[in-house]
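Participant: Before I ask anything, here is the structure I am working with.
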Amino acid sequence: MVEIAERAVDRRLARPDRESVPPEAVRAAAATGRRAAGQRLARPPLLVLLSGAIVLGFVLFDAPAAVRAVPVLTYLAVVPGLACVRLVRLRDRLTELIVAVALSLALGILVAEVLLQLGWWSPAWGLAVLVVIASLAASVELGRDRGWTVRLPSPRRRW
Amino acid sequence: MSSTAVAHRLAELRWPSRGRIAAVAAWSVPPVVLATGIQALTAARVTEIGPLGLVSALPPRLYAALAALTVGFVVAVFRRGGAPRALLAAHVVVLVVLLFGAAPIIEPLPRLLPGWLHVGFADYIARTGETLPQLDARFSWPGFFALVAMATRAAGMPDAMPLLGWAPVAFNLLYVAAVFRLARATSSDVRTAWLAVWLFVPANWVGQDYFGPQALNYLFYLVLLTVLLVWFRPRAFDHAHRHAHRPLRDRLSRMIRLPAPPLLSASSGNPYGVTSLLGLMVVVVVVFAASTASHQLTPVAIAMSVALLVLVRQCRVRALPVLLGVMVVGHLSYFTVPYWSGHLDEIFGSLGNVLGVLNSGAVERVQGDATHQIVVLFRVELAAAVWGLAALGAWRRMRAGDNDPALVALAGAPFLLLSMQSYGGEILLRVYSFALPFMAVLVAAHLAPVRRPRRALVMLMAVVLSAALTGAFFIARYGNESFEQVRRGDLAAVDWLYAHAPAGTSFVAATSNVPWRSRHVERYRYSTVSDDDRPVAVSAVEDELRANPSAFLILSRGQYVFGESFLGKPPGWGSALEQQVIGSGRFRQVYANADARVYVLTKKGEIRGGNR
């Protein structure tokens, strides 16, 4: 039983997204069930980039509504704001989520309104602009977490 | 890793043996209540909706399920050592689903016609890429409709109708998350925050959470104030300032026996750097810009609340109200000219006339038949009760030394809107809505923090208070369901019209309660004969049809119920009107179903569709 548990903990420690944090910090965090200080998951920005490409693909190839409705609406409601808010490194997930949703919808309103006022109305272009915004923010986060920019400690606490 | 550490870790993963049954029982409450509640709502019949609304159609099982949920939540929140946050959140989510999902589960079509109209506005923008400010004032604030148009078309949907029914549930789930964070930022006790959220849900009966700009802007309002309260309050408590010698205030404090202890919930410091705070300020400005582009009232409410926060020294960004004010005025000056150029009196006519605004917001709304008047009076009394409890809660917090100037300022700021305009008679509802999150925190002060000897009594109080609010919710929110629901027959008649009437045709109805304009807002002329309490004469209907080429008259049960219940027309006026229409010999029926009929004039009317 002890060996099984040790293997489980080792598997957790072997996750690639934890490589940037000192192993002893991760081991201590694993022992308490919490994430170590400074530990940032690389997965979310990569997911932002990937999901942007997917929803743009859906729209460009005119996928049926049954396939793309939920992913596109979810993307528009969450992802652009989340990508931007993660740059601020808020400390609790609940606040991060609600600020992300509000910011996503606000960015959507502003982009749609600009397209409307300039006479460039196109839902696909609107989505593309939001994907670009989200991807830029995700790229900045990725670059920062890989040491290309100054990195700040970001202990998170649960809400 | 040593074997002892692993064993310790494994022990943590298991339930404590003594509390295992209690934990299983606690965790089983939300899913069981959800299943029971949905089953009860599915079994309810829409035909049983009576003059008091949805409450007459709700089965007793739903009330039993909600009672169990309430008891489960109260027991969990007052548990020694605290309950898991996920457990408390699960209770809140189930409560939101059962309260705000009751109508979409029972009724076959989305309720509330303004939401249908918003779908039509978004449809127009999606088709044309333009707005129609001359058609409707709301097109001067097109942000929400443009967003919906972009999102639905990008998602491959023909329109936003699938989003209509469950929008209130989605919005309220977001609201409760923001309210929890707000409550946590203004309370020293986590129980207060949970209780505030729990009370907020049934107290939010106002019905401004349907698919529309105001629902989204309410989220903006909550999130923006959350950001300011959590990250932009004064860095540390200024003892020197607080205890400075102030003769008048000290005398007043002694007179009303106010102690002056330190703020328990004052922020003790801000660990975020300048860059992070700058980023958060950008979030505030972007969200506010979206708000000014999408709603008339909410930006004003936000600016007032922020100004009061600055005045009570609870916001460090002192220039922010000026910036927000400039943004509001800038948007009004450049983007809404078609609206205000002809309606200056409508906008500024009520400035300072608080009594007039109160009259149109409360007294004039008590109209319609006796049952509707009961519902309206019930809402007024419920709002007054919540405000009264909140005032007492503020007093209690003050006596306990947990007074928070930000909380009181934000609860009071929306009342400043009363000095501006009546907002179509809805301003009191909006004031209630904007103040509610903070009122809920103040009401929760009656229940937490709690001293150990009084725990049982406080738990009983919490159960009674939330049960009373939940019971009142169904009458206050769904009391008008007899005419706020959309009937299949009414919609079928409208569908027939769109399928058979050529563009440019006029559609005439006796009252405005018709599920039209969810598409083709610009292709047809829509008019109503009478939206007051007088019975409709057949001659007036004929004149309206003759004034328009190829006009169609639609008469439906939704209009009749709306006329009787909301407008106060005499009972049976609808069927009497229809008898006159048929008996006059000047109309010909071209479509009929159990709930609705469509007529054209026999002499000049042109029938484009087949008779039925």
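Counting starts with 1 at the first residue shown.
Backbone N, Cα and C atoms are what each Cβ position is placed from, and that goes for glycine too.
Curation does not apply to TrEMBL; its annotations are automatic.
So TrEMBL says this about it:
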{"type": "TRANSMEM", "residues": "B:21-42", "note": "transmembrane segment"}
{"type": "TRANSMEM", "residues": "B:62-79", "note": "transmembrane segment"}
{"type": "TRANSMEM", "residues": "B:86-106", "note": "transmembrane segment"}
{"type": "TRANSMEM", "residues": "B:163-183", "note": "transmembrane segment"}
{"type": "TRANSMEM", "residues": "B:215-232", "note": "transmembrane segment"}
{"type": "TRANSMEM", "residues": "B:272-290", "note": "transmembrane segment"}
{"type": "TRANSMEM", "residues": "B:319-340", "note": "transmembrane segment"}
{"type": "TRANSMEM", "residues": "B:374-395", "note": "transmembrane segment"}
{"type": "TRANSMEM", "residues": "B:407-425", "note": "transmembrane segment"}
{"type": "TRANSMEM", "residues": "B:431-450", "note": "transmembrane segment"}
{"type": "TRANSMEM", "residues": "B:457-476", "note": "transmembrane segment"}
{"type": "TRANSMEM", "residues": "B:496-516", "note": "transmembrane segment"}
Participant: Which sequence positions outside the transmembrane segment (B:319-340), separated from its termini by at least 6 residues, show Cβ-Cβ distances below 8 Å to it?
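Facilitator: Residues 133-134, 137, 140-141, 228, 284-285, 288-289, 292-293, 299-300, 302-303, 306-307, 310, 347 contact the transmembrane segment (B:319-340) from elsewhere in the chain.
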Participant: Report, as numbers and ranges, which residues of the same chain sit near the transmembrane segment (B:215-232): CB under 8 Å and 6 or more residues beyond its ends.
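Facilitator: Those are 144, 167-168, 171, 174-175, 178-179, 181-182, 185-186, 208-209, 270, 272, 277, 280-281, 283-284, 287-288, 290-291, 294-295, 298-299, 301-302, 305-306, 309, 314-317, 320, 406, 410, 433-434, 437, in sequence order.
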Participant: Go through the chain and flag residues at least 6 beyond the ends of the transmembrane segment (B:62-79) whose CB is under 8 A from any CB in it; none is fine as an answer.
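Facilitator: Sequence-distant neighbours of the transmembrane segment (B:62-79): 26, 29-30, 32-33, 36-37, 40-41, 44, 87-88, 91-92, 94-95, 98, 102, 191, 194-195, 198, 450, 455, 458-459, 462-463, 466-467, 470-471.
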Participant: Under 8 Å, at least 3 Cβ pairs, sequence separation 6 or more: does that hold for the transmembrane segment (B:457-476) versus the transmembrane segment (B:272-290)?
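Facilitator: Taking Cβ pairs at least 6 residues apart, the transmembrane segment (B:272-290) and the transmembrane segment (B:457-476) are not in contact, as fewer than 3 fall under 8 Å.
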Participant: With a cut-off of 8 Å between Cβ atoms, can you find at least three pairs linking the transmembrane segment (B:163-183) to the transmembrane segment (B:431-450)? Only pairs 6 or more residues apart in sequence count.
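Facilitator: Yes, the transmembrane segment (B:163-183) contacts the transmembrane segment (B:431-450).
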Participant: Take the transmembrane segment (B:431-450) and find every residue of the same chain, 6 or more past its ends, with a Cβ under 8 Å from one of its Cβ atoms.
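Facilitator: Counting only partners 6 or more residues beyond its ends, the transmembrane segment (B:431-450) has Cβ contacts under 8 Å with 78, 175, 178-179, 182-183, 186-189, 191-193, 195-197, 199-200, 203-204, 206, 208, 218, 221-222, 301, 305, 383, 386-387, 389-394, 396-397, 400, 402, 407-408, 410-415, 417-418, 458, 461-462, 465.
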Participant: Which sequence-distant residues neighbour the transmembrane segment (B:86-106)? Criterion: at least 6 residues beyond either end, Cβ under 8 Å.
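Facilitator: Answer is 26-27, 29-30, 33-34, 37-38, 41-42, 44-46, 49, 54, 57-58, 62, 65-66, 69, 72-73, 76-77, 165-166, 168-169, 172-173, 176, 194, 197-198, 201-202, 209, 470, 473-474, 477-478, 481, 485.
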